[in-house]
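This structure is in structure tokens; I'll ask about it shortly.
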Amino acid sequence: MTESEIPKEYNANEVEKKWMEKWNLSMYHFNWGEDTRPQYIIDTPPPYPTGNFHIGNALNWCYIDFVARYKRMRGYNVMFPQGWDCHGLPTEVKVEETHGITKNQVPRAEFRRMCRELTAGNIDKMRQTMLRLGFSVDWSNEFVTMEPSYFVKTQKSFVRMYNNGHIYHEDHPVNWCPRCETAIAFAEVEYDQGQTKLNFVHFDKVDIATTRPELMAACVAVAVNPEDERYSQYIGKEIEVPLFGQKVTLIADEAVEPEFGTGAVMICTFGDKQDVRWWAKYGLPLIKAIDKQGRMTKAAGKYEGMSIPECRQAVISDLRDAGFLYNQKPLEQNVGLCWRCDTPIEILSEPQWFVKINHEGILKAADEINWYPEYMKVRLQNWTGTMEWDWCISRQRIFATPIPIWYCKKCGEVMIAEESWLPIDPNENVPKKACACGSTEFEPETDVLDTWMDSSITALHVSGWESEHDLRLPAQIRPQGHDIIRTWAFYTILRSLALEGKRPWDSIVINGMVLGPDGHKMSKSLGNVISPEEVTTQYSADAFRQWGAVGGSTGSDVMFRWKDVVSASRFLQKMWSIYRFSMSHLKDFDPADAENFPPDSLYTIDRWLLSKLNRLVESTTKELDGYQFDSTFKAIRGFAWEVLADNYLELVKGRLYGENKEGRKAAQYVLYTTTRTLSLLLAPFIPFFAEEMYSRFDSASVHTRAWPAVNESLMSEEAEAAGEMIKDITGEVRRYKSDLGMALNAPLKKIEIYNTQIDTGDIAGATNSEVELMEGAPSFDYVPVEVKPNMGILGPRFRKDAGAIVKALKAEDPASVEAQIASGRITVTVNGEKIELEPEAVEIRKEVISGGREVDVLDIKGAVVVIVR
């Protein structure tokens, strides 16, 4: 192969397009029937099909792909499936926006059709982005949660958990979004710091402070701290609520903070979670003052039909007019918002379906899982410890997995579908048997399942649960963002334990969020959003993947910086130049000769490079086993650029272009071994570039080849030390030439090396000079040859006379001036006047004489290098 046959410039887009068309994606397929190789199943995150595979998705999939490609090369039977989490609120909202409707304005089946159509189109768009980024997805194991083949498993899991007592139906307070008109889980509530007012109100015996005066209609008690002497006489007494007139009891509870407001608070149904605790603890009545649309109910009296903000202002006005409101103070508070639409949530009591939380089981399973990084486990532990309510899994939406339940119209009993009936929509199908009471008339469950009920069985699904395959649980790894530890990770562990009694995975790798170039979270409003397509179009997929690899360690947030992508693109060109140069010298090298190349034919610098190469293989293997992508790729890039290109190639050019056939063949063997190994090491990270490199070594894909093995016989600290000496000597000689303005290939009369025994051939070739190893120690005479005045001292002190002093100094005998410096004072005569100078005012330049020759001495640790002029 000649250098001219390989293009000088690396055209990334052309190469990437070529391999996208050529690759046979079946090489990424998981073999369900094989047990000879260890399995490596990845519980891939199924993103919402929004149509936009955003940069945060792309970063996470880079991590997943690094692992998948690496594990295949390590001999694992890898499954890298791709799923799509279709159901849920985002899709419904988008359909409503697109068609200018609300979900209740069209038939249920028609609305579901619109959602499916939008979702299918979005999946196609996102799939193309994933292919463009070179992700080695096993598309034969793709799953789509809106398809019956998947949601039948969601329904089966519901049926089994219900029958096993893990799921129940109950009228219970839940978080409610009035805008979306659905219950939401605590994990879906986001909090924002906001400004409100604390209102001070006269009740008939005590004064209370509240931020929710609109809930006075739902006041069912007043609470004070039992240690608060201000109110001890009223504990157990009835108090009348102003404006609304109901009588409530004043109770004592330790949870009341005497220092807050007046020290007396309303208990309403429901203003916050604390109200729910007190309501349950004291068996208080339930008054529903707010409906599902966020409007005041009949219980609010004349305020019925008002929105919550309207009612709040009206009540405050009426309290003020009646003399009950006597003060208001500004207050900062955390407001719970719907994760999707940012509407303030309410707590309503509605019949809902719940999953029981097994706190101890989840924490025990979390301890059995390897966390990368380890500290991320604390987030799950903290969340589990704060869970007070069970998981509300019913949603008042349409586009989601139907709950396979009917209610008997005669006796009200629940009829749950049998597994053989699934998949089923109770709104379109009736039960296939009568109720125990004999009735055949049923009311279908119109609520649907929380989308996390779909995605929390992904580990089970990809492991073969309820399929024709044997169950392979646990999966080996779950890669995900830290923002969904309390949802996806938590719910998946819960469900795997409930359904199979096993942890879902062996390990979990957490990635951070992607920040914009300005360091802030990417958002359209800030104008700092970067799309993966923008990067691949301007640079390349491999450049983008490099940014993903080196941008940060697992668990940390990663800032997107264009300069990192530019650096990545430059590395591709640099690596291509290294590869092109190496291949141009391998046209007459037979790869078969590399199989049993005699190690005693290698030069010191050859052994140095091969030892470093094998240490690189050893370290990258260890780092990738620990999912340390940043340190791994930086090490590979540093080796290629600094060790191989900047040093080894410069040192062996003399052999490559010279007449010494044996020396040239040794260098060829090293180049062949190193470039081929680098193509394998780079394959998980920059698959297109690595494939292009490897294609000139082998007709098979690099992605079907084995990861390099460490050759311990080539690892030698002695060889590395000797090689470092050769590298350092050559580098110092090249710097010496540069300082003198000489061309780097300009010959020197002679280079003498003392105090070490090393190969000199490569030094001679790299410096284009005669090199001789010398025995013994050199002797040097340092002869003063020039007086160099220090104008930094003389100028400011003598000003206009400085020039004359400089001239006089230069006329002095350098040896005489050196002797005066040793005495501590220099005297010089200028225009008949003697002037005394401090030693710092001059410098003596000396020539080094060795054996009667003028020489220069280079300072190198472990050796003395003499340059004969």
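We number each residue from 1, going along the chain as drawn.
The backbone N, Cα and C atoms fix where each Cβ goes, and this holds for glycine too.
Found this in Swiss-Prot, in case it helps:
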- 47-57: motif ''HIGH' region' (MOTIF)
- 521-525: motif ''KMSKS' region' (MOTIF)
- K524: ATP binding site (BINDING)
Compute the average pLDDT of the predicted model within the motif ''HIGH' region' (47-57).
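Summarising the motif ''HIGH' region' (47-57) by its mean pLDDT gives 90.
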So if I exclude everything within five residues of the ends of the motif ''KMSKS' region' (521-525), which remaining residues of that chain have a CB under 8 angstroms from its CBs? That is, six or more out.
54-56, 513-515, 560
Tally the residues of the motif ''KMSKS' region' (521-525) by DSSP class, grouping H, G and I as helix, E and B as strand, and everything else as coil.
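With helix first, then strand, then coil, the motif ''KMSKS' region' (521-525) has 0 helix, 1 strand, 4 coil.
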Measure the Cβ-based neighbour count of K524 (ATP binding site), defined as the other Cβ atoms within 10 Å of its Cβ.
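The answer is 7 other Cβ atoms.
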If you run through the motif ''HIGH' region' (47-57) with DSSP, how many residues end up as helix, strand and coil?
3 helix, 0 strand, 8 coil
